[in-house]
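Notes follow the structure.
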Amino acid sequence: MFEQPFFKFSYKIIMILLIILLLGQIPYFITPLTSVLSFILLPLLFSSFLYYLMRPLVRFLEPIVKNKSLSIIISFLVIVAILTIVFYFGGSIIYNQGKELSQNLSGSYSYLYNYILEIIESIKQYIDLDNSFLEELQIQEKLFSYLNNLAQKISNYNYMGIFSSITNFGLIILLIPFILFYLLKDDQKLFNNILHIIPENKKEEFEEVASEIDQLLSTFISSQVVVAFFLGLVMFFGFLIIQLPNAAVLAFIAMITSLIPIIGPFFGSLPAIFVAATNSLFLFIGVALIILIAQYLEGNLIRPLVQGRRLEIHPLVVLFVVLSGVYLFGFIGALTSVPLYVVLRLLFLKKYIAK
């Protein structure tokens, strides 16, 4: 039984994880290694992500301009022009609304505190609870302390510190365009160099698997960006219609978090729900309906249209994969866990199941 391919594969995975776990217990080894890997992997991951987004444009322009380097430069200029226009017209709106939202959230804790107290009082009217028992629990005091601390954290939080806390963030940002340029320019050359070290009898199989991985990653990344953009757009116009305060920044938050499958749209919707709940019942119902409509259109129209049936993964599997990625590697893990799972699944199916 243990000679079967599945058990051999599982044994290899367990041994690799065990080695990583043991190395992780050595601080003087893992700390510098983590710093070096983060410095190398972060720009490489972002560049790979942008590579799959820009590659269709480069391949579209290349036959027209008859020069690959020039087509890449034009693609860069197009992207920079689009981003400049977006930030010029929308950047100040999002910044101002974000600042206003931060102040509103820090001031909303008193409303939320009073609202929860009303619920507690209502429960006490219907359930015969001893007041001394409630006093021992100190629900009100604990609730006030928690909400007060939360409000102070929100109002005093330095949002730009997210970026400045990353080691050499500025240098990483500068590296991304250079890595991206050479990925777009020499992608076929890099693949051929890798192909040279593959044994002759394995080259055909390697090319087939590499092509499938490339198509899967391209499909996943492009479809995820399209879906996130669609959700952000639907929510923005929906929030404008119901006149939700800070509609632009709330829709922007929903759009960015929607890049993370399954849990992203849920967490991205929470700020809008909270803002609506602290304003009026009408806004709360309106936001809930807009989110439901956006999710329905995303699941039944947009995702099947842009993704097709190539990446059919059960939502429960995606949920566990994303949560594992978040637990192990934080936000980067949330973004990369599903593509990594898709690649590993394909390799496993090709190597063991197909045989």
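Here the Cβ of each residue, glycine as well, is placed from N, Cα and C on the backbone.
Annotation comment: TrEMBL describes 12-30 (among others) as transmembrane segment.
Here TrEMBL flags 36-58 (among others) as transmembrane segment.
Look at TrEMBL and you will find 70-95 (among others) tagged as transmembrane segment.
As annotated by TrEMBL, transmembrane segment applies to 159-184 (among others).
Residues or ranges marked as transmembrane segment by TrEMBL: 225-242 (among others). When Cβ-Cβ distances below 8 Å are used as the criterion, the transmembrane segment (225-242) is approached by residues 53, 248, 250-252, 254-256, 258-259, 264-265, 272, 282-283, 286-287, 290-291, 293-295, 297-298, 302-303, 306 of the same chain, each at least six residues removed from its ends.
Annotation source TrEMBL lists transmembrane segment at 248-267 (among others).
For 274-297 (among others), the entry in TrEMBL reads transmembrane segment.
Marked as transmembrane segment by TrEMBL: 317-348 (among others). Residues of the same chain lying 6 or more positions beyond the ends of the transmembrane segment (317-348) and with a Cβ under 8 Å from any Cβ of it are 9, 42, 45, 49, 209, 212-213, 216-217, 220-221, 259-264, 311.
Taking Cβ pairs closer than 8 Å, the transmembrane segment (248-267) reaches residues 90, 93-94, 97-98, 101, 224-225, 227-229, 231-233, 235-236, 239, 275, 295, 298, 315, 318-319, 322-323, 326, 334-335, 338 in its own chain, all 6 or more past its ends.
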